[in-house]
Amino acid sequence: MGTDDRKKRILAHLAKSTDGIKYGTSKTSSVSDSTPSVELPPPPPIPQPVVPPPLSPKSRKRQVIDHVKNSSGDFGDFSFGSEKRKQKISEHLRKSLS
């Protein structure tokens, strides 16, 4: 009850001290939805991901061997000979493909 009396006194004071401006305490807002509608352009289509076709075992082996040939030149010569090196690479390929 005390808050209602205080509220009434504040509103009465505001009514006296302002030039005809009314301060209401209505809980409902009278704001109308008068926002202009803007037509947005349609979103661009989403591109489908490109999936490469599955590789056959021969083409996969060819890609791996080409990769080994291209990248092994950068490492220099290892401690084992070229025959052992070829044998280790072929064993590695055989194990990885099976």
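Just so it is clear, glycine is given a Cβ too, placed from its N, Cα and C backbone atoms.
The region 'Disordered' feature in TrEMBL is assigned to 16-98.
Residues annotated as compositional bias 'Low complexity' in TrEMBL: 25-38 (among others).
Within its own chain, the compositional bias 'Pro residues' (39-56) is flanked in space by residues 63, which lie at least six positions past its ends and keep a Cβ under 8 Å from the stretch. Sequence annotations record features per position, and here TrEMBL assigns compositional bias 'Pro residues' to 39-56.
If you look up TrEMBL, you'll see 71-81 (among others) marked as compositional bias 'Low complexity'.
Assigned with DSSP, the residues of the compositional bias 'Basic and acidic residues' (82-98) fall into helix, strand and coil as follows: 16 helix, 0 strand, 1 coil. TrEMBL lists 82-98 with the feature compositional bias 'Basic and acidic residues'.
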